[in-house]
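Undergrad: What follows is a structure written as structure tokens; I'll ask about it next.
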């Protein structure tokens, strides 16, 4: 009986010691994730280069990003090769999560945009004149108005 009490006491002592480890180990990945989310959120909202920012502001985009209203048949993320190349040509880095339009054309307030195309408010539209690309950058969906 005495041996059983010692075994139970020893088991309780070991089991409480095993669960009493500091919680700092799982806390480190959580803090790392929170820091990365904060950094990502801050870069998503960074402004485009002043030299390339559109001067043609649309009333429909005034509350979104002060951009121009465009209609684009395709959209691509900022990490796609065509977008990365265009950004590098003009000496800036674009966030990989940004929305960018390809094959875009300017539309004016209340103008029609075909159902299968994307209505975007874009802050950089100077690259829309490029012959093969017609790229609009730093965009937000106009539906978010």
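In case you wondered, yes, glycine gets a Cβ from its N, Cα and C as well.
Note that the coordinates shown come from a computational prediction; the quantities given were computed from them, not determined experimentally.
These came from Swiss-Prot, pasted as-is:
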- 1-20: signal peptide (SIGNAL)
- 36: N-linked glycosylation site (CARBOHYD)
- 61-121: disulfide bond (DISULFID)
- 71-113: disulfide bond (DISULFID)
- 72-104: disulfide bond (DISULFID)
- 122-139: disulfide bond (DISULFID)
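Have a look at these and tell me how they're positioned relative to everything else.
TA: A simple way to gauge crowding: the CB of residue 61 (disulfide bond) has 25 other CB atoms within 10 angstroms, across all the protein chains here.
According to its DSSP assignment, residue 113 (disulfide bond) is coil.
Other C-beta atoms found within 10 angstroms of the C-beta of residue 72 (disulfide bond) number 25, with every protein chain shown included.
DSSP assigns residue 139 (disulfide bond) to a strand in the three-state reduction.
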Undergrad: Hey, what's the Cβ neighbour count for residue 122 (disulfide bond) at 10 Å?
TA: 29
Undergrad: Hey, what's the Cβ neighbour count for residue 71 (disulfide bond) at 10 Å?
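TA: Step by step: centre on the Cβ of residue 71 (disulfide bond), count other Cβ atoms within 10 Å, giving 20.
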Undergrad: Using DSSP reduced to three states, classify residue 71 (disulfide bond) as helix, strand or coil.
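TA: In three-state terms, residue 71 (disulfide bond) counts as strand.
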